[in-house]
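These come from TrEMBL:
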- ALA32, LEU61, LEU97, TRP390: FAD binding site (BINDING)
- GLN169, GLY170, ASN171, VAL172, ARG213, ARG214, GLU225, GLY397: NADP(+) binding site (BINDING)
- 23-185: domain 'FAD/NAD(P)-binding' (DOMAIN)
Amino acid sequence: MASFGKFRWISRRITTQSSAPLRICVVGSGPAGFYTAEKILKAHEKVEVDIIDRLPTPFGLVRSGVAPDHPETKIVTNQFSRVAQNERCSFFGNVCLGSSITLPELREMYNAVVLAYGAESDRSLGIPGEELAGIYAAREFVWWYNGHPDCRNLDPDLKSTDTAVIFGQGNVALDVARILLRPTAELARTDIASHALAALEESSIRKVYLVGRRGPVQAACTAKELREVLGIKDLHIHIQPADLVTTPADEIEMKNNRIRRRVYELLSKAVTPVHAPHPGRRELHFVFFRKPDKFLESNDRSGHLGGVQLEKTILKGDDELVKQVAVGTGVYEEISCGLSLKSIGYKSIAIDGLPFDSYKGIVPNIGGRVFADASKDHMQYETGLYVCGWLKRGPTGIVATNLYCAEETLACISDDIGKGVLTSNSPKPGRDGLLQLLDSRNTRVVTFDAWEKIDAEEKRRGNLKNKPREKLTTWEELLKV
């Protein structure tokens, strides 16, 4: 890093003397970050964009969040790669905001900074026993089977129990259930991490419970994800018939929301005939109108999960209300299990120098412009600071949702450029300054060229195993390659 001559961007000098380029830094290389960069580059010919990420690998949740058996969703990385290869764009991995470089330093180097680093923490249930061994956030489990280097050593015990309880009924919960229940011969043809495949091949899990506070009409998954898990070969589906009875309020919800009606119809048709599943057959239980009350310690293994206690709920709310709320009834029941996964929402992390709403888990903003002061009589924005993605709106939506989110943030940036709020009259050092600072701190930067070496090596190893890729799953391996 002592000499910057080897970086391809060094030859991209702006030849016009009239004005320096506007320099924008995007923090986070997931869908929100790449869509934002792409739209900025298309809309403004004299803007340079640098994308930084704390991982050595780009693409965020497309790489570490999308299920391995959803290769069609990952095709978007081809589009993102073309963005990174644009001569006015650079990717710098292994650069962590907060430790490698601070937000004030970035803002000093760039005309604008767009924060799109997503949500890398988890919501807590806040119930007794949550510290017991055998309880994980669904995010950790997803990162583990997707080969994220932070969760390489998670090592969930899948052999000591035949039952897993998942809290939540959204798409991530369904992904996790599907990975636990799907035949491993089918998973072996995907880019699932080898350590996860090996553990799943030896797994004793045969029953998975998906627990939701509300009813089948309010299940948060999409019809596509539900169809996929219901279509697993030789899987026994169990739903209590009483849970499928709808109320007038449910009917209004389904009338107003086509997806909810479709999900309810799929669940109603999915119930396997009543006779008991034959021994060893895998079972998926949809448990509605239950909320977690406490985790129970195992009688046999001190400090380990032995079961969950659930409280029955009922829905309260006017028939005209869009959202019915689950309320506890004081009636309890237990499920024995040795593994529990909490799929109740991702959570963004605050950093120094950034306004943050801890309750909502977002940066306060309007349309992507970050608030400096949101008092009622005076609304003031942070000049040159924007957000996009989950940090902006919360952990909702699919990959494509970030496309519209990026368009909204771009509109704010373009408006500020048009009004002269963002100007290149005082030239900023941009990537030159960034790389010099990182070099002075001995930070090893991974450029997009370097990522392409990782990419090629993973594909080469995958080819040997008849897989799309064999992921490198430790920081050491990734940086070595």
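Every residue, even glycine, has its Cβ placed from backbone N, Cα and C.
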Problem - Alpha-carbon spacing, GLU225 (NADP(+) binding site) to ALA32 (FAD binding site), which is rounded to whole Å - result: 22
Practice task
Would you mind checking how many other C-beta atoms are within 10 angstroms of the C-beta on ARG214 (NADP(+) binding site)?
Solution key: 21
Exercise for the section: Using all protein chains shown, find which of the binding-site residues GLY170, GLY397 scores highest when you count other CB atoms within 10 A of its CB. Expected result: GLY170
Practice task
May I ask which residues of the same chain, at least 6 positions away in sequence, place their Cβ under 8 angstroms from the Cβ of ARG213 (NADP(+) binding site)?
Solution key: PHE289, ARG290, LYS291, THR313, ALA326
Fill in the blank from the handout: When pLDDT is averaged across the domain 'FAD/NAD(P)-binding' (23-185), the result is 95
Fill in the blank from the handout: Looking at the binding-site residues LEU97, VAL172, the one with the fewest other Cβ atoms inside 10 Å is LEU97
Exercise for the section: Could you list the residues of the same chain, at least six apart in sequence, whose Cβ is under 8 A from the Cβ of GLN169 (NADP(+) binding site)? Expected result: LEU210, VAL211, GLY212, ALA219, ALA220, CYS221, PHE286
Practice task
With VAL172 (NADP(+) binding site) as the reference Cα, tell me which of the binding-site residues ALA32, LEU61, LEU97, TRP390 is the closest one.
Solution key: LEU61
Handout entry: Lowest local Cβ density (other Cβ within 10 Å) among binding-site residues: ALA32, LEU61
Key = LEU61
Handout entry: When distances run from the Cα of TRP390 (FAD binding site) to each of the binding-site residues GLY170, ASN171, ARG214, GLY397, the nearest one
Key = GLY397
Problem - Residues near ASN171 (NADP(+) binding site) in space but at least six apart in sequence (CB under 8 A) - result: ALA220, CYS221, THR222, GLU225, ILE398
Practice task
Would you kindly give the Cα-Cα distance separating ARG214 (NADP(+) binding site) and LEU97 (FAD binding site), rounded to the nearest Å?
Solution key: 38
Handout entry: Sparsest-packed among the binding-site residues, when each Cβ's other Cβ atoms within 10 Å are tallied, from GLU225, TRP390
Key = GLU225
Handout entry: Recorded NADP(+) site residues GLN169, GLY170, ASN171, VAL172, ARG213, ARG214, GLU225, GLY397, farthest C-alpha pair in Å
Key = 20
Exercise for the section: Could you measure the widest C-alpha to C-alpha distance across ALA32, LEU61, LEU97, TRP390, the residues recorded as binding FAD, and give it to a whole number of angstrom? Expected result: 18
